[in-house]
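Notes follow the structure.
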C-alpha cells in the first residue's frame, strides 16, 4: 500500500481564493476573465447581431458599496411563492447543469432539471464528446501514416484507410453513450428531468414548455449554454458551409476546406480533416494564427501542427461573404483586409467551416420578467454567479453558470460554477478561482494551459510592481516521451521569483491535456513552487516533465515542506 503525502499551502502567504467566508462583500463591476485562449474570450467577436445592444449594459454600483439583494427591486410583475416544488431548479441539462444537479442531490436538495432539447447539451451532443471521437481517429491515422515513426519503433504497417461512415458512427455512438449515462445518473439519484423549454415567469417561478405547467423553486440556476457564432455575410447551408455542429456528423470529407478562425475549434478540425486527406486553408482576422495561445507555445504549435501538413493560411483578413456551393459551382469566400476593409481576393473551395467561436443561448428565457438585460447576449453575473438586473442589483435566488454568462466558455468551467452555486445555496460561501481552471486543445500533439500567458503576466507585474520569471523543460529530456518516439514538446512555467507563486503553465506535447492538472490544482490550492518541488513523480512517466519544470524554477526564498514525514 502506498502512503500519500499531502503538501498543504502556506496559509500566511497564499490565500485560498476558492473559499471566501464573509457575510457582505463589495460588488465589483461586471468584468469577465480575459481568457485569451483559442477565441474563448467572449468579447473578442462582438456579437452585434444578438438581441440586446450595448445600450442595455448593466451599470453596477461602485466597488465600495456592499452588494444588496432586494426582492422588490427585481421582482418584475410577479411575487415570489411562499412554498416551493423544489429546492433547486436548473434550466439546461448540459455538463454544467448536470454537475450542479449531482452536487445538489449530494447536499440533500430536492432538485429538478429542465431541458428543451437533449440531455448533455452542446458538449455531449455537438461538442467536446463527439469531437474527441473524431480526434481519436485522426490520431490513429497519423500514427499509421507516419512510416518514419513506425520504422523507428521497428513496426511495418500496410497503407492505412478509413470508412467515413464508420468514423461518423463512432462519434455518434459515443455521444449517445455519454448522453444515456448522464440521464441514468440523474434518474438514479432522484433528479426530476422536466422536458420542455424553461421560461422564467417571475421570482422563483418557471414555466415548462408551452403548457400551463409552472414549477417553483427556492433557487434557480440558468445553464442554457451557447450555439455556434456565425458572422454577418456567411450563409450556412449545413452541407458545404457548415458550423462545428454539422462538421461533427462528418457527412463528407472535402478535398479542400477553408476554416474560418484558428482557435481551438478550427485547430482541432484541421487535425481531423488533414488526417483524413483534406487540404485546409485557415482564414484568420488577426495578424497571427492561434492568437489566444501563449505566443511561444503558439509558434511551436504552428511549426508542428500547421507547417508540415497540407495547410495554408491567410491572416489579417475577414471573410465578408461566404456563399454555399450550388449548381456545380464551388463555395466562394470573399476576403477583405481586416484593418482597411479593402477587398483582397475570392477563394473557391469545396467546403467552409465557420469556427469563429460561440454565442450565448439566452433568448426566450423570460429574463425581462425579472428585469434582467443581457450584455451582447450574455447574462451579467457577479463573482458568485448571482444574476445582476438592469439596475445593477442582484436578482434574489437566481444564478447563471457556463457559456450563458461568458466568464469562461468551457464545459468543465460550467460544472465548477454550478458546484460553486450549490455550495452557496446550502450555506457555504464559495468563490471559484477561474485562473485555476485549465483549458486544452486536443490536437496531435495536444496543447494545454492554465493561468496567465507570458504577456498577460508581464502586464500584471508592471501594474502591481513585481518581477516575472520563466522556466521551461523539453519533452526531449523525458524518458517516456522518447520511448514513445514523441519528443516534440515544451512545458513553460510563468512564476514570481520573489515568492514562488505560479502565474501560468503552458504545455505543448504528448498528453498535454492530462499533464496540466497538476499545475491547475497547485494554483487552485495556492501551492507555491518551493512546496511542489518536493512532490514525487513515478519514473519513467510524462508527469516528470512537470516535475523537472517546477524543479528548474529559481525562487528567492525556498522554505522546507510544512508537513511532517510519514512513516511507512
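Each residue, glycine too, has its Cβ placed from N, Cα and C.
Just so it is clear, the model here is predicted, and its values are computed rather than measured.
Features of the protein shown, as given by TrEMBL:
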{"type": "DOMAIN", "residues": "86-418", "note": "domain 'FAD/NAD(P)-binding'"}
{"type": "DISULFID", "residues": "123-128", "note": "disulfide bond"}
{"type": "BINDING", "residues": "132, 198, 224, 225, 226, 403, 409, 410, 411, 412", "note": "FAD binding site"}
{"type": "BINDING", "residues": "261, 262, 263, 264, 265, 266, 267, 268, 284, 357", "note": "NAD(+) binding site"}
{"type": "DOMAIN", "residues": "437-548", "note": "domain 'Pyridine nucleotide-disulphide oxidoreductase dimerisation'"}
{"type": "ACT_SITE", "residues": "539", "note": "active site, proton acceptor"}
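Annotated pair residue 263 (NAD(+) binding site) and residue 132 (FAD binding site), C-alpha to C-alpha distance, rounded: 16 Å.
Over all protein chains present, the Cβ of residue 226 (FAD binding site) has 24 other Cβ atoms lying within 10 Å. Put simply, of the binding-site residues 261, 284, 411, the one whose Cα is nearest the Cα of residue 128 (disulfide bond) is 411.
When the binding-site residues 261, 265, 284, 409, 411 are ranked by how far their Cα is from the Cα of residue 123 (disulfide bond), 411 comes first. Taking every pair among 261, 262, 263, 264, 265, 266, 267, 268, 284, 357, the residues listed as contacting NAD(+), the largest Cα to Cα separation comes to 15 Å.
Confidence annotation: the domain 'FAD/NAD(P)-binding' (86-418) carries a mean pLDDT of 96 in the model. On a Cα basis, residue 265 (NAD(+) binding site) lies 12 Å away from residue 409 (FAD binding site). On a Cα basis, residue 265 (NAD(+) binding site) lies 11 Å away from residue 132 (FAD binding site). Of the listed recorded positions, namely 123, 265, 411, the sparsest CB environment within 10 A is found at 411. The helix, strand and coil residue counts that DSSP assigns across the domain 'Pyridine nucleotide-disulphide oxidoreductase dimerisation' (437-548) are 42 helix, 29 strand, 41 coil. Over all protein chains present, the Cβ of residue 132 (FAD binding site) has 16 other Cβ atoms lying within 10 Å. Residue 284 (NAD(+) binding site) and residue 226 (FAD binding site) are 22 Å apart (CA-CA, integer value). In the structure as shown, the Cβ atom of residue 284 (NAD(+) binding site) sits within 10 Å of 23 other Cβ atoms.
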